[in-house]
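Record features (Swiss-Prot):
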- 1-12: compositional bias 'Basic and acidic residues' (COMPBIAS)
- 1-59: region 'Disordered' (REGION)
- 13-24: compositional bias 'Polar residues' (COMPBIAS)
- 47-58: compositional bias 'Polar residues' (COMPBIAS)
- Cys149, His152, Cys220: Zn(2+) binding site (BINDING)
Amino acid sequence: MERSKQSHDNQADSRPTTNESSLNGHFDGLVKKTPGMWDVKGRGTAGESSSHTGSSVVENWKHERTRSIEDNEMSLPSLAAAYTTIIRGLGKDPQRQGLLKTPWRAATAMQFFTKGYQEKIIDVLNDAILDEDHDEMVIVKDIDMFSMCEHHLVPIFGRVHIGYLPNKRVLGLSKLARIVEIYSRRLQVQERLTKQIAVAITEALQPAGVGVVIEATHMCMVMRG
């Protein structure tokens, strides 16, 4: 089975450590914060002053559009109808006993697989950012990650490892896993997922540095050979 290793992160096994040797070299250069900007793997920078960037991002998070329960209920029939069309397109009878409820099951499952669109980062981080005079690297490893490839609509799964160097502020360890879950439970590519996790942590904490590593299996590669 092929595994792709890239710089990303997700939901954790709650094994924090401050021992940098356990991930020796993996975080170096992935995301390094400089005054007023963030830089992810050298692919572009963004930001103004640190304080302005942080506050503006939080405001954007507050007004982020999410998919509501009502949206799910309204879209479920059309989503189920689309699965019915797929079944017919595969040459199968959607009225056959084994397939009769499949469109609704599949539609409900897809809404669950993409439930990250229903959640806001600001709700996760609310009251979870703590003032703490701690300057050693915080590492959370083996966060379980489940996502959907946006190219083929098949699963991506693996583990995320996150490390950051605090700058007078820390985040509750369980919230790192929640950040991973929110961004992974969407239609994704691994590169974007990695960046979104790293940027969320960077903008929330303004740390001295952030590193995100994702080890993932892409079923679009494994199943197709």
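In case you wondered, yes, glycine gets a Cβ from its N, Cα and C as well.
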So which other residues, same chain and not among Cys149, His152, Cys220, have a Cβ within 8 Å of the centroid of the Cβ atoms at the Zn(2+) site?
Met148, Glu150, His151, Leu153, Val154, Ile156, His218, Met219, Met221
Could you tell me which three-state DSSP class Cys220 (Zn(2+) binding site) falls into?
helix
